[in-house]
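Let me begin by presenting the structure, written as structure tokens, before commenting on it.
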Amino acid sequence: MLAMGLREAWEVRDLRRFLIGDGVSKVGRAGFMVAAGWRVNELAGPVWFAWFGVAYFVAHLPLLTVGGMVVDRIPRRTVALYTDYVQASFALLFISLLLIGLPVLKVLLFAAVMMGASTAFSIPATQALVPDLVDEEILASATGLLNSIRTISWSLGGLIGGAIITYSSIEVALFIDMVTFLVSAYVLYNMEEVPIVRDEEEDSDFKSEMSHALSFTRSQPWLFVGILVFMAFHVGAAIVDVGIPSIALNNGWNGFYYGIWGAVFPIGAAVGALYAGSNPIPKSSRGTVFYVTVGFAAWLDLLFVFVPWFALILLISLFQGLLVGVLGVIWNTTIGDSVEQHLRGRVNSIDAIGSFILIPPAMVLGGMMIERLGLEAAFVVAVSIMVAATIIGIVVPSFRRFERIATERFPITADQSRSD
């Protein structure tokens, strides 16, 4: 039986609709990313696999600030709806380019660029939408459901993508991607709009609005430092991600094994998200739990390169996913209950930019390190970076205090709470 909070969240009609549509779209996107990533690595090796990841961020990072501002002006449902239409259209375009005979590698790199551009709008829209749909009392449960369903969808999509690239073609993966985004668009179309309540005194030009959001971010130590920590953390994580296909190839595993590996982590994350959603971590301790857990999860990455047994790798990945599922709920819930509605889109964009901005060069670095130094040395460096990044959050009390801090410019409003 679902815990009371999870059941209450699921009974919110528009949240339930959004979760179903979002989950369906993630199945298609995960399937394509797994299939495309394996195909690129198979055709050109780890360096080009890294460039495939870089291509995704070429347009994604610059457009995140625009996406965040749009999401704080236009109802989040509308932004997510039209982004789904765009992503379905892109999938059809890429299928057409492949069918007329353009080189697969070039088409997939182009696809990564365009998909990255469109998700610069969908990420802040969907992250900011959930707090609009539920009361704060069940926000952690709603976030747990969102993260759980997303990770289950990525798991299923990863399996589908691995099977497709092993037994079929990349065009099939793109077709499934297109259909799932059309399903998501249909669901969003039938949801009610939630208007954006903006501060009448807030500046309206792009520079001023982003400056306002940055000022808020800097005023909250947990938020500002958390973004910086994960900016560094994702350098190591990107190196690990680049190395995963090479580990599979070195052990003689095909694309289907790669898909299974990619599917197990989200299963663990789904369980972790459901647990954290049904058993919310108190505000007084959630920062400490966050940093200790993320540091431990980083250490587990080191085992992948030294463990030769696929079953044990799956078990490690499952447990690591469980930890990350808890972390995601803690972080997203803190942003949801500590950031005003009219700022959430921009703050989510700043958070995403901080997480992603160093990933492109880190992926290229990872590919070069793997080719020149070997997997073992690359993973040792990667894990060292990740663990070092989390230490500051554990050591400094104000950085692990995951709750809203009142300042003169940003006082705590009636809908904000400083304690449980």
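Cβ from N, Cα, C; glycine included.
Curation does not apply to TrEMBL; its annotations are automatic.
Listed in TrEMBL:
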| type | residues | note |
| --- | --- | --- |
| DOMAIN | 1-195 | domain 'Major facilitator superfamily (MFS) profile' |
| DOMAIN | 222-420 | domain 'Major facilitator superfamily (MFS) profile' |
| TRANSMEM | 48-71 | transmembrane segment |
| TRANSMEM | 92-115 | transmembrane segment |
| TRANSMEM | 164-189 | transmembrane segment |
| TRANSMEM | 222-244 | transmembrane segment |
| TRANSMEM | 256-276 | transmembrane segment |
| TRANSMEM | 288-306 | transmembrane segment |
| TRANSMEM | 312-331 | transmembrane segment |
| TRANSMEM | 352-371 | transmembrane segment |
| TRANSMEM | 377-399 | transmembrane segment |
*Mean pLDDT over the domain 'Major facilitator superfamily (MFS) profile' (1-195): what is the value?*
87
_Best-contacting stretch, by C-beta pairs under 8 Å, relative to the transmembrane segment (352-371) and drawn from 48-71, 92-115, 222-244, 256-276, 288-306_ = 222-244
*Taking 3+ C-beta pairs under 8 angstroms (sequence gap of 6 or more) as contact, is the transmembrane segment (164-189) in contact with the transmembrane segment (222-244)?*
no
*What parts of the chain pack near the transmembrane segment (48-71), using Cβ distances under 8 Å and only residues at least 6 beyond its ends?*
36-37, 40-41, 79, 105, 108-110, 112-117, 119-125, 128, 206, 209-210, 213, 238, 241-242, 245, 344-350, 352-353, 356-357, 359-361, 363-364, 366-367
*asked:* Do any residues, 6 or more residues outside the transmembrane segment (288-306), come within under 8 Å Cβ-to-Cβ of it, and if so which ones?
replied: 229, 233, 236-237, 240, 243-244, 247, 281, 313, 316-317, 319-320, 323-324, 326-327, 330-331, 375-376, 379-380, 382-383, 386-387, 390-391, 393-394, 400, 402
